[in-house]
Each structure stands twice: as structure tokens, then as C-alpha cells.
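TrEMBL has this to say about the protein:
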ACT_SITE  Glu65  active site, proton acceptor
BINDING   Tyr12, Glu24, Glu72, Lys90, Asp91  ATP binding site
BINDING   Glu24, Glu72  divalent metal cation binding site
BINDING   Glu65  substrate binding site
TRANSMEM  27-45  transmembrane segment
TRANSMEM  51-71  transmembrane segment
TRANSMEM  92-113  transmembrane segment
Amino acid sequence: MWSKKFWHGFHYAFEGFIHAVKTERNFRFHLVSALIVLVVSWWLRISFFEWIIVILLITGVLVLELLNTVLERVVNLIMPTQHPLAKQAKDVSAAAVFVFALASAIIGLLIFLPKISTMIN
């Protein structure tokens with residue numbers, strides 16, 4: 001029913017994920033942050049809708065970090081020497097991750113802080 005190509009696709013995706021974990025410090029940082037956010041979400045007993053938001057935001061940050069890695073690798077492949085446009089491409093790609101991660105953190109605080117405040121009071 002499932003072709004070998006189908007299963008090979010999962011294998012290649014897993015290899016890419018493991019490569020990112022082993023070689024990308026920022027990806028590891030975001031993975032650890034994601035695990036902390038998931039534990040805090042469980043501890044605070046967030047709603048079903050809030051879970052959807054949290055999971056989408058975590059996924060978005062991780063995907064953007066992976067795409068940033070792809071862009072960096074491709075730029076390095078086609079432009080092995082330093083070039084201002086190559087630097088700009090890498091910087092803008094990193095900025096995309098930063099903007100989404102910052103927005104995700106703000107949204108996370110909007111979800112978590114009222115619940116933490118209620119628990120404290």
C-alpha cells in the first residue's frame with residue numbers, strides 16, 4: 001500500500017531534523033524552549049483553543065528556524081566567499097525567525113500571565 005519512496009521521505013525528513021539538532025544551536029534552543037512551554041501549558045491547564053495556538057506558534061518557530069538553516073546552507077553553497085547580498089539574505093532570514101519568536105513569546109505571555117496571576121492570588 002505505501003511505497004518505499006513514501007517511507008524514504010520520512011527517513012530523509014528525520015535525518016534533516018537530527019542534523020538540525022546536532023548542528024544548529026538556535027534550533028536546539030528553540031526545541032528546549034518548546035518543551036518548557038509545553039510543560040508550563042500542561043501545568044497551567046490551558047484550554048483546548050490555547051493548546052492549538054501554542055502548538056501552532058511552536059511549530060512556526062521551529063519551521064522558520066529550519067528554513068533559516070536551509071537558506072544559510074544554500075547561500076553558502078552558491079556564494080562561498082563573503083558578499084554583502086549573501087549577508088543580507090542570511091540576516092533577513094534570521095530576522096524572520098526573530099520576529100516570529102518574539103511575537104510567539106508575547107502571545108505566550110498573554111496566555112500564561114493571567115493564569116499565573118490567578119494561581120498566585
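Here the Cβ of each residue, glycine as well, is placed from N, Cα and C on the backbone.
Overlay of TrEMBL annotations on the structure.
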{"residue": "Tyr12", "record": "ATP binding site", "Cβ contacts under 8 Å, 6 or more apart": "none"}
{"residue": "Glu24", "record": "ATP binding site", "Cβ contacts under 8 Å, 6 or more apart": "Glu65, Thr69"}
{"residue": "Glu72", "record": "ATP binding site", "Cβ contacts under 8 Å, 6 or more apart": "Lys90, Ser93"}
{"residue": "Asp91", "record": "ATP binding site", "Cβ contacts under 8 Å, 6 or more apart": "none"}
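Look at Glu24 (ATP binding site): DSSP puts it in coil. Compared over the recorded positions Glu65, Lys90, the count of CB atoms lying within 10 A of a residue's CB peaks at Glu65. Largest Cα-Cα distance over the residues recorded as binding ATP, namely Tyr12, Glu24, Glu72, Lys90, Asp91, equals 27 Å. With a threshold of 8 Å between CB atoms, the same-chain residues lying at least 6 positions outside the transmembrane segment (27-45) that come near it are 20-21, 51, 54, 58, 61-62, 65-66, 69, 101, 108, 112, 115-116, 119.
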